[in-house]
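Colleague: I'd like to ask you about the structure that follows.
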Protein chains: 2
Amino acid sequence: MTKKQPNLREVSVGVVGLGLMGSSIVAALLIAGHQVKAIAAIPEDVEGADLRIEKQLRQCNEAGLVPYSPDVYAEQLTISVDYNELRNCAVVIECVLEKIEIKSSVYNKITAIVGAETVIASNTSAIPISELQTYVDKPARFLGIHWAEPATMTRFLEITCGKLTDPQYAQYIFRLAHRWGKEPTFLKMDIRGFITNRLMYAVYREIFYLIENGRATKEDLDKSFRYDAGSWMTLMGIFRRMDYMGLKDFALIINRLFPELSNSETVPPLMQEMVSRNARGVHNGKGLYPYSNGEAKEWDDAFADFNLKIHKLAAGYSAEKVREQTS
Amino acid sequence: MTKKQPNLREVSVGVVGLGLMGSSIVAALLIAGHQVKAIAAIPEDVEGADLRIEKQLRQCNEAGLVPYSPDVYAEQLTISVDYNELRNCAVVIECVLEKIEIKSSVYNKITAIVGAETVIASNTSAIPISELQTYVDKPARFLGIHWAEPATMTRFLEITCGKLTDPQYAQYIFRLAHRWGKEPTFLKMDIRGFITNRLMYAVYREIFYLIENGRATKEDLDKSFRYDAGSWMTLMGIFRRMDYMGLKDFALIINRLFPELSNSETVPPLMQEMVSRNARGVHNGKGLYPYSNGEAKEWDDAFADFNLKIHKLAAGYSAEKVREQTS
């Protein structure tokens with residue numbers, strides 16, 4: 001990601017939807033070296049889109065991730081409300097609101113312009129790709145490209161096929177994603193909740209169960225993830241960690257523990273209470289924890305700062321790197 | 001942990017069992033400033049215990065966590081096979097093998113020597129505290145103090161009460177643990193699997209289910225935890241992350257997703273296969289991933305290195321710190 005690959009200049013990528021996430025994706029694609037056609041799905045999004053994108057580029061420059069200042073990317077970027085700009089794009093990424101009627105209308109506008117081989121992708125994290133692609137002309141070239149925020153700094157990228165997706169398009173994006181500096185994951189089948197989300201909901205089910213039964217406090221449960229799971233997560237992931245621990249007692253503990261885990265299928269009372277209180281966490285000061293004024297901004301800043309540091313830290317420990325060190 | 005607190009000098013702490021974990025705990029307690037009575041549960045453990053402890057102390061010194069070289073701690077430390085050394089200890093921590101008959105024999109030897117108010121603790125991660133304490137004379141002063149490796153660098157510490165534990169002893173250890181530089185969690189009730197373990201087994205149940213159903217590869221599942229969950233885990237934990245995300249769609253997604261999560265109560269076939277192959281991961285080259293000779297050592301080194309860096313990184317982001325920054 002830190003190095004421009006000149007031939008990506010010849011690959012135009014479109015992004016439709018220029019909110020926070022869309023702007024962040026535009027910046028990531030510019031840094032990768034693409035020509036980017038940034039289309040505002042709603043006219044108001046043109047306002048400020050240039051500033052949002054510039055801010056992302058500047059942050060990357062200041063953080064030392066890219067050697068160029070934002071103005072270097074100006075000639076690679078077109079911001080517009082006109083879908084005709086997408087005409088020569090090899091890939092178009094949709095990141096508009098998570099509403100099927102809005103998305104399907106956007107797909108119609110895209111497919112009316114682009115060629116039959118243009119890959120069309122959604123950044124959705126809520127709607128199954130198999131469902132979305134039924135609204136797309138030539139659905140074999142439709143897939144999910146799910147980014148994590150900020151798209152310029154995170155290595156995560158989830159590529160998901162729907163039932164009708166031709167895997168060759170996904171393979172093309174998978175290869176391309178490596179040139180974006182990502183460590184993409186590839187979901188052969190559309191699963192509800194995608195990978196991380198789905199695994200995290202397994203955690204949520206159990207963690208609310210522990211809270212409800214008075215086994216531990218929120219603070220303690222958070223600490224155990226921050227300081228214990230956090231001490232190996234970024235280095236190893238799950239299976240590598242099992243190998244590292246020696247695989248010894250897992251089967252034994254599974255036999256004892258699986259039958260005791262929560263199998264709840266309903267919203268935990270604590271979460272239900274949050275919903276009825278219209279709690280929005282840091283964003284409106286009503287959350288699982290108390291928040292004072294301005295704390296949302298502090299957590300934003302802390303997350304941006306942490307994300308950059310963990311990004312740099314993770315870079316030193318790919319499985320390949322660990323192997324190279326002594327080979 | 002980086003600063004010696006002189007009055008901890010007057011508090012003697014005993015450690016019984018001087019394997020890798022025990023030696024690491026001894027080093028952590030020395031660094032905290034305690035007088036430490038290190039008792040080898042088996043005579044062979046006396047051999048090399050001083051070197052293991054010295055290595056831990058040297059690593060902390062080299063990493064800049066403590067300003068003193070290992071020899072500074074010599075006069076605080078007694079290594080012996082003689083349980084009489086425990087006589088004046090305020091706390092004795094057992095970290096011998098996870099076998100009840102061994103542990104109960106150790107408890108008998110400890111309680112024969114120490115005073116009635118001496119806190120006796122186990123580092124067990126496998127046996128319920130409520131069960132262990134039935135083997136301890138005056139079980140109200142018995143509890144779990146579960147350390148994460150390396151004890152000198154990790155902030156994690158799990159304090160667990162059993163059914164018979166008087167909470168005042170746990171509170172005493174909880175306060176003390178802060179002076180050890182820990183972020184201790186406090187389990188009011190003994191739960192099978194402790195906190196992190198238990199939450200991770202909820203993840204294991206789902207992740208093997210995804211593998212078995214061909215939804216994603218091991219590599220992809222690991223990536224999603226390393227680069228996605230890993231990008232916020234150490235900063236936020238689970239509940240804080242929910243607040244940060246705005247608590248908006250969780251209830252909605254729970255309703256859709258909980259009913260689809262695995263409720264399996266049995267050992268996954270892939271894990272069963274590992275057991276029957278006597279697979280020990282990096283330790284014998286048979287694991288979920290392939291390993292070449294010497295890779296166990298490489299992962300050890302990488303983990304030690306990573307652990308130090310994530311320890312330093314985490315230190316900058318306690319919830320209190322984030323709040324202080326603008327207050």
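Glycine too: its Cβ is placed from the backbone N, Cα and C atoms.
Sharing the feature lines straight out of TrEMBL:
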| type | residues | note |
| --- | --- | --- |
| TRANSMEM | B:12-33 | transmembrane segment |
| DOMAIN | B:13-187 | domain '3-hydroxyacyl-CoA dehydrogenase NAD binding' |
| SITE | B:H146 | site 'Important for catalytic activity' |
| DOMAIN | B:193-291 | domain '3-hydroxyacyl-CoA dehydrogenase C-terminal' |
Colleague: Under 8 Å between C-beta atoms and at least six residues away from its ends: which parts of the chain pack against the transmembrane segment (B:12-33)?
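Modeller: Sequence-remote neighbours of the transmembrane segment (B:12-33) are 1-2, 4-6, 39-41, 45-46, 49, 52-53, 56-57, 60, 65-66, 73, 76-77, 79, 83, 85-86, 88-97, 106, 110, 114, 123, 147, 149-152, 179-181.
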Colleague: If you draw a 10 Å sphere around the Cβ of B:H146 (site 'Important for catalytic activity'), how many other Cβ atoms fall inside it, taking every protein chain shown into account?
Modeller: 24
Colleague: How would DSSP class B:H146 (site 'Important for catalytic activity') in three states?
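Modeller: Strand, per DSSP.
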Colleague: Which whole number is the mean pLDDT over the domain '3-hydroxyacyl-CoA dehydrogenase NAD binding' (B:13-187)?
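Modeller: Across the residues of the domain '3-hydroxyacyl-CoA dehydrogenase NAD binding' (B:13-187) the model's pLDDT averages 93 on the 0 to 100 scale.
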Colleague: Reported in the order helix, strand, coil, what are the DSSP residue counts of the domain '3-hydroxyacyl-CoA dehydrogenase C-terminal' (B:193-291)?
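Modeller: Grouping H, G, I as helix and E, B as strand yields 64 helix, 2 strand, 33 coil.
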